[in-house]
């Protein structure tokens, strides 16, 4: 049966969906920009035509001191300091990353070009020796170009996200004076700007790259999509440095600020007297926004590349069915349109009036997008796929029906939702696990740490079952292609996921600005409520990222095994088993490096903050200004220096193992790192999230139980702060960086597979 959606329609639908996403994000940005951060000399007119920012609530504004120009000027000043700090850090980081990108691009070209000795002659195809394919040198050139494109898009995603977040933080603070609903909408719209820009840019660049490469490759789709894998590698390689560098930066500042400010000096969080406070707020933007944006872009690029590579050697590729081939991109296009409708539920269809409505509103975003997306996937599967087709499955062709592929994508999508909700249950202070952790603070920091660790380990159980079920279902139906599209299903609502995720750091910054600008207690309570909901949603975002990373890296692993012509991976052979056990150790080695980096950077920060409190007269009384710039510099220098060793570990491992020990040992390393990396990442993220929200539970004092543990400054609160400080590097540096470790090693192995298959295993050849 012919496919309902014609090639021409596919050529139109994908870029149009991407452009709609970009336009929608610009509209959201325009609406946010209407909140002014410059002091106005006169009150705006009240009346029926006043805009939706709430200018007609005139009396309330006067009561809240809305027209106090000093406060507005102070907010603008703090926002500028945060924005400048974040921009200067990212520029410094990108200089180092740029050098790495050039060096690694040259490596890709040399390794892949040498497969056939830089020959320009056409070769017999890998999977069909009767046909001729483009030379290995072409793959080398185009993979290098795709790598650079992926890297640049990843950097751009992170940078634009950071710019939007630093643009929106003070605006969220100022809107909080008019009510929690107004502040929520500004923070959420700003998150949506990032979500849609990233999803649409990633899709558009990938689509254009495929079409440009097609001009050269023509009928050789196998070579075309193999070279496209460089795009995923570029995205993830940049994300690794963004995540690790940003994570070290933010946590060094956060831990330094908390240990001296809250524990030793007993001053509130984000108090302007604390010298590390600007660095802490900068860190939220470079770690949780720029790093996370690059990370999720990397996941998206890799899952698309994995699906395309596996499909290129199946009936779609062999019969040159363009629409079916681009099924992964059509799913992403549908995802953008579905997320656009979903976003309107949060910003336009319903209004938040009370604090308790914030978290449910964010949860509804996930549920609505998942339900609508299930229908969207059904439509795409019906119009873009033939009723039955064959998929390459380790040497044999497997017949698959289009409804089976629909189920593969749907199972990934719903597994993502389950992981999100389990993460929320274990990290939100609305439920018993976090309340138990808070309760354990009665007897000191030690019991808090024990309870938190136990919670983290326990929180791994259900997500792993969800991932296991989705792997079993999708592999049974459509082999490795099924797993690749299941990963895409999990990431299909990436625009909404990112909007919810970016909302957290924006709200956190808004609270910091409110405290530093000396706003009233009532406004600080509103921003705290936004931040507490944001903390939980950030944990949900990390759960999504880790779950999708597991599926993506498994799909890439399958593509690597096919490409390297390994018929079976036998665990009982010594070559594979040594790889397996070493691979399982890598996440621990990597976590040790990143945790220690945060520790040593935080040590320098603590010393500097103590020095300023001890030597600057009048600092504690609030009559003198601290030296914020020195703390920003300490965080920047430490994170740039410390991000290189863990990055080198991840990037060099596949190259060394593949070259010296060969593809069988490398397949063991990939399997081992995937299996242990997922467990360590989930437990680290959730432990840290639970400790953070246990501290906030005590601080907020919203329930009778919480009030018995508080107030701020009480012994249980101090124990909770220590737990939160230990959890910071776990949840924001090690945990989220691990999902890049497992994806990056897999995609790198896939890109270099032709080289490893031809020249790898030098040690075994010698002996």
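Placement of Cβ uses the backbone N, Cα and C atoms for every residue, glycine included.
Note: TrEMBL annotation is automatic and uncurated.
Residue ranges 281-302, 303-324, 325-346 are listed, and TrEMBL annotates 325-346 among them as transmembrane segment. Note on TrEMBL: of 212-235, 236-259, 404-427, 596-619, the range annotated with the feature transmembrane segment is 404-427.
Range with TrEMBL annotation transmembrane segment, chosen from 515-533, 572-590, 629-647, 648-666, is 572-590. Feature transmembrane segment, per TrEMBL, maps to range 183-210 of the set 43-70, 183-210. In TrEMBL, the feature transmembrane segment is placed on 96-115, out of the ranges 96-115, 676-695. Here the transmembrane segment (544-566) has long-range neighbours at 126, 226, 229, 232, 292, 295-296, 299, 302-303, 305-307, 309-310, 313, 392, 394, 412, 415-416, 419-420, 463, 466-467, 470-471, 479-480, 483-484, 486-487, 490-491, 497, 663-664, 667, 670-671, 674, 678, 681-682, 685, 735-736, 738-740, 742-743, 745-747, 749-750, 753-754, 756-757, meaning same-chain residues at least 6 beyond its ends whose C-beta is under 8 angstroms from one of its own.
Where the transmembrane segment (404-427) meets the stretches 96-115, 135-162, 448-473, the count of C-beta pairs under 8 angstroms peaks at 448-473.
Ranking 325-346, 448-473, 572-590 by CB pairs under 8 A with the transmembrane segment (479-500) puts 325-346 at the top.
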